[in-house]
Amino acid sequence: MMKLKSMESVFTIMILLSVSIIGKSEVYIVTIEGEPVISYKGGVNGFEATEKLDVTSDLVTSYSSHLEQKHDTILDTLFDDGNYKKLYSYKHLINGFAVHVSEEQAEMLRRAPGVKSVDRDWKVRKLTTHTPEFLGLPTGVWPTGGGFDRAGEEIVIGFVDSGIFPYHPSFENQNTEPYGPIPKYRGKCEVDPDTKKSFCNGKIVGAQHFAEAAMAAGAFNPEVDFASPLDGDGHGSHTAAIAAGNNGIPVQVQGYEFGKASGMAPRARIAVYKALYRNFGGFVADVVAAIEQAVYDGVDILNLSVGPNSPPATTKTTFLNPFDATLLSAVKAGVFVAQASGNGGPAAKTIVSYSPWIASVAAAVDDRRYKNHLTLGNGKILAGTGLSPSTGPNKKFTMVAANDVLLDSSVMKSSASDCQRPEVLNGIMVKGNILLCGYSFNFVSGSASIKKVAETAKSLGAIGFVLAVENVSPGTKFDPVPVGIPGIVITDVSNSMELIDYYNVSTLRDWTGRVKSFKGTGSIGNGMEAILYKSAPMVALFSARGPNIKDYKFQDADLLKPDILAPGSLIWASWSPNGTDEPNYVGEKFAMISGTSMAAPHISGIAALIKQKHPDWSPAAIKSALMTTSNTLDRGYRPILAQQYSGAETLTFIPATPFDYGSGHVNPRAALDPGLIFDAGYEDYLGFLCTTPGIDSDEILNYTHQPCNYTLGHPYNLNSPSVAISHLVGTQTVTRTATNVNEEETYTITSKMGPAIAIETSPPAMTIGPGASQKFTVTLTVRSASGAYSFGEVLLKGDRGHKVRLPVVAMGYDR
């Protein structure tokens, strides 16, 4: 047990369970000079020592009142009545108070005499999936459509994914604003074979599963894959909630609340087309059937957090195969398609979403990060990740390694060090100590989990655990995992080596290697508090990179991919308790995971908001609005950076290019009113296919049932909101047609480009009336054949305030 003397600052940072935000004020925890009751030994004139916490003692009552009066005096001296609200006075375990004040008032408190610390209460900040606030939806977008309770009204988003857990609060048909029928949608609702209840409830308007190909291949196991739309993986529930989950759903995991979740379009309807399964992924035949059904049923938006593992080898081009051809037909039917660009980054040419009719979405790291640290007995502080409570201040605990506390020496060390099996460890030796475990390949493969480490440590009575990573496979992600006891993963190999060296030096052993006494100590910090950074957004390390490819030989395409960047790292959203996709969240109702799978539904949800405001816009118009209004600067007004590996496989940050983020990071507010759009339809996409070298016209006829009566001259003449020329020789001129979707406006056109390529635009300005279209040209000329891509942009700036930007990429050649 801890001695009373060491408890004087146990609760220096207190977590408030329920606080509401008024205006811009937030809750702060303030500690001040002077001992609390539990550690007060006397010294204040008129107040005797309070040697123990006896709430019935007059001495305690008197001293407590004295402390509270000091709290009130500080606040009354600094602020006028009504300008603040004191919530609690802390007197017994810490000396301080909780107060609801503005940021400016908190700064005044920090400078006030006698104040020791002022800490913002992390739980007050609305972290949702955090991304609605990061993207400005609650203040800049939802109010324009009638508030969050109308955002996405009457829009149906189809999800080709692993199904849904329909009983989750993110998908409830809420009593306060129940969902009525939606006549335009005609999808079916399967019945849960176990509960005999429909998977639909008004919020979920369609639920079907597709597994014929999987069953034919012998891959489908009804025991774990579920022959129904039920999500046996977790992935489908997560993506559906990001795009269209209900607003204000408390995110609770391991007994802690991590803010409130909301979809991008919380009033949109959800249509489920399950074609992915937990053990084997999916088959294109099932996926294509699901897409076809979704379009038939009348979805407005289609979310595909799924893509091929590699370019199709059966067709000559990436743009023309059953999957992409089906999506071309979906776009022809007026359905906007968002697809994850892939998780093969940071290597070049890892994109798995190729075609111009699809919005290919890259993943960003947003401004919220979780960090933690381990403090060793020698004073060294080692950084790590761990979404956990701390072991407490001013006390360190003995560390014991799993390999040194085996019950049976015959147990292989490798099977015990990852702390997945509590039955092989000596609970008497572990109890009250910090359990030191090793990060094995089993964590990468998914057969071991941090959640299981926490369960092992807790079952053996450990105060907490440390998981040391001794070697890392390139591309391994260490996302923070919420655990109910103090725990940390030391992800940096050099830090792990320092920890292991300290442990070995501190541990006394006999001549056989058996431990005589454990002397190494440590303490684990508080990893629950999110830190917000201005260096956001940033392109996530795993996010697939361009250039786009046109064939299985990985030849560059004259089409920029990805198209756009959206949040995709550490995203909180709903999870299926049946879900096994992430072993750390088995049995949970929420999960925080990363991937371009999480980025795509952000775009799907925002596209639903645009579709709601502009119901007659084509998929290309929606995509154009998203792209031309996106940001290339971060929150600190610096160019967006991309996470990358240096030569030593260590994380570094480099200036991002259009091959990392496409046009830039999505800006929902601007996308609702883009000023100009670059529209394209089915005929334009056919022209793109017919112009692409290497595609046989008969092959196009096979997939599209259309002859090549229309070409663009070059693929880069497709009227897309970007320009990409992979093989620029001499001078090339590209034409774009802009359509005004607002009132009459005069746009000035400027451009810039890297020094190896000269760029000119014509005309220098143009006035476009409402609904009218006008052409302009972009001329690129090789200055030097550098053997590398040059990057630039065309900017159309309107006199009514609209800014329309097109990224430009080109590589110059001598011939």
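Quick reminder: no glycine exception, Cβ is built from N, Cα and C everywhere.
According to TrEMBL, the signal peptide annotation covers 1-23.
Among the features that TrEMBL reports, domain 'Inhibitor I9' is placed at 28-125.
Across the domain 'Peptidase S8/S53' (152-633), mean pLDDT in this model comes to 87. The domain 'Peptidase S8/S53' annotation in TrEMBL covers 152-633.
What TrEMBL lists as active site, charge relay system is ASP161 (among others).
For HIS235 (among others), the entry in TrEMBL reads active site, charge relay system.
Cβ environment of SER597 (active site, charge relay system): HIS235, HIS238, THR239, SER305, VAL306, ALA340, ASN343, GLY568 lie under 8 Å away, each six or more residues apart in the same chain. The active site, charge relay system annotation in TrEMBL covers SER597 (among others).
Across the domain 'Subtilisin-like protease fibronectin type-III' (717-809), the DSSP tally of helix, strand and coil residues reads 1 helix, 63 strand, 29 coil. What TrEMBL lists as domain 'Subtilisin-like protease fibronectin type-III' is 717-809.
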For this session: Restricting to the same chain and to sequence separations of six or more, state which residues have a Cβ under 8 Å from that of ASP161 (active site, charge relay system).
Result: HIS235, GLY236, THR239, ALA240, VAL272, TYR273, LYS274, ALA275, LEU276, ASN303, SER305, VAL306
Seminar exercise, completed: Cβ atoms other than its own within 10 Å of the Cβ of HIS235 (active site, charge relay system), all chains, total 27
